[in-house]
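Enquirer: One structure, as structure tokens, below. Some questions next.
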Amino acid sequence: MSLDIVILAAGQGTRMRSALPKVLHPVAGQSMLGHVIATARALQPRSIQVVIGHGAEQVRQRLAGDDLNFVVQAEQLGTGHAVAQALPHLSAERVLILYGDVPLIEAETLQRLLQKVGPEQLALLTVTLDDPTGYGRIVRDGRGEVQAIVEHKDASADQRAIREGNTGILAVPGSRIGEWLGRLSNSNAQGEYYLTDVIAMAVADGLRVATEQPADAMEVQGANDRIQLAELERHYQLRAARRLMAQGVTLRDPARFDLRGEVSVGRDVLIDVNVVLEGRVVIEDDVQIGPNCVIKDSTLRRGAVVKANSHLEGAVMGEGADCGPFARLRPGSLLGAKAHVGNFVEMKNASLGDGAKAGHLSYLGDAEIGARSNIGAGTITCNYDGANKFRTVMGEDVFIGSNSSLVAPLNLGDGATTGAGSTITDDVPAHTLALGRGRQRNIDGWQRPTKK
């Protein structure tokens, strides 16, 4: 059956104490609403309607997509009123209502819920809690059939004793939702149009209300303040850590690992503490990542080693390559098989061939370095003249002496060597030694100045 999804994302979130709309606050590097939209897309609906209000333009700009239709709720008059704003755009056989501040909901849970909705049956996602304070209560009859949802503020003492709460996530037959929304009233403690009142209307019309529960109650946890936001973050990260460990990854401490994007992992991967993975990261078999590393949009081939306190972005490390500690690989960095980048080496838009080495204290920008070449400590590729960037190209088996400045554009042939302390401004032919430094002069009998 066809499906329309409505995501309610109009709330201000005053308890966040922020100029940023609540649904744009991030969990694992992505806005809460972004997580919900990604889950909605996984269900392959006919349309996704996003109801926005507070900070509407910010939300629209941040999350614009060809498959999203944004509907503005000018006044926040309740969840029923919010869904009503999307009514002109709903024509599918089923309508699923989601919330933009409930980022951990799983597509599998929603699939189970949707299997229970039909022309004569609604499907409601509920959760059983030890303390359901704040949740609307699920009122059932003697046969266990759902009769109504009573909001916490409107509930009697007996109703507040009910532990089964309403998550707000609801799937309804598309042919009936318009009729029910048109009959909503705001005669309640909040003076709002409650979407939950649809349940009692459906029961009165002879429809059955089926229920489903998530495997984990945290799936339906929202965030009204930064404390709850932090709880969502930590739960998301622990869930991600468990998934990685199930795929053969060793995490030294799952509580000190952050995934802020997507990662593909091989087997026998070792990740030490305080590692952050961002964007899209590919980690192949037998990779080792030391503590305190940040890796973004990068690929680590089989057996690569990232040592402590290294930062990688847009980089590729070949099989058996290693970098760090304290290495920085910026976008466009490519390390060949068994290449080595040591401490305090920065690379940008540069490639290091198979077996090549840059041991320490170097900047390699806009450079191509051939296989088995050795870059001495303190080497700088001078790639910028104040207006344009230029490349340095080295052949295979090149040896760059320590403290060399290579002024681009520059080509060094296979087997070329530069003497330590040289400033190289002209191309160096293959198998040639280049020296570009002042001649040393020793002054006999010289004495240091003394203070006066």
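Backbone N, Cα and C atoms are what each Cβ position is placed from, and that goes for glycine too.
From Swiss-Prot, for reference:
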type     : residues                                       : note
BINDING  : ASP101, ASN224                                 : Mg(2+) binding site
REGION   : 248-452                                        : region 'N-acetyltransferase'
ACT_SITE : HIS360                                         : active site, proton acceptor
BINDING  : ALA377, ASN383, TYR384, SER402, ALA420, ARG437 : acetyl-CoA binding site
Enquirer: According to DSSP, which kind of secondary structure is TYR384 (acetyl-CoA binding site) found in, if we only use helix, strand and coil?
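Expert: Its secondary structure by DSSP: strand.
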Enquirer: Is it possible to get the count of other C-beta atoms within 10 angstroms of the C-beta of ALA377 (acetyl-CoA binding site)?
Expert: 19
Enquirer: Tell me the Cβ neighbour count for SER402 (acetyl-CoA binding site), meaning other Cβ atoms within 10 Å of its Cβ, over all protein chains shown.
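Expert: Its Cβ shell of radius 10 Å holds 18 other Cβ atoms.
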Enquirer: What binding-site residues in the list ASP101, ASN383, TYR384, ALA420, ARG437 lie within 10 angstroms of HIS360 (active site, proton acceptor), counting C-alpha atoms?
Expert: none
Enquirer: About how far apart, in whole Å, are the alpha carbons (Cα) of TYR384 (acetyl-CoA binding site) and ASN224 (Mg(2+) binding site)?
Expert: 49
Enquirer: When a 10 Å sphere is centred on the Cβ of ASN224 (Mg(2+) binding site), how many other Cβ atoms does it contain?
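Expert: I count 15 other Cβ atoms within 10 Å of it.
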Enquirer: Whole-number Å only: compute the distance from the Cα of SER402 (acetyl-CoA binding site) to the Cα of ASP101 (Mg(2+) binding site).
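Expert: One finds 55 Å between the Cα atoms of these residues.
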Enquirer: Limited to the region 'N-acetyltransferase' (248-452), I'd like the whole-number average of pLDDT.
Expert: 98
Enquirer: List, in sequence order, the same-chain residues at least six positions removed whose CB sits under 8 Å from that of ASN383 (acetyl-CoA binding site)?
Expert: GLY365, ASP366, ALA367, LYS389, PHE390, ARG391, THR392, ALA408
Enquirer: In sequence order, what residues of the same chain, 6+ apart, have a Cβ less than 8 Å from the Cβ of ARG437 (acetyl-CoA binding site)?
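Expert: Those within reach of ARG437 (acetyl-CoA binding site), by Cβ under 8 Å and sequence separation of 6 or more, are GLY419, GLY421, SER422, THR423.
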Enquirer: With the cut-off set at 10 Å between Cβ atoms, which of these recorded positions ends up with the most neighbours? Options: HIS360, TYR384, ALA420.
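Expert: Per the Cβ count within 10 Å, the most buried is HIS360.
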Enquirer: State the Cα to Cα distance, in Å, between ASN224 (Mg(2+) binding site) and ALA420 (acetyl-CoA binding site), rounded to an integer.
Expert: 61
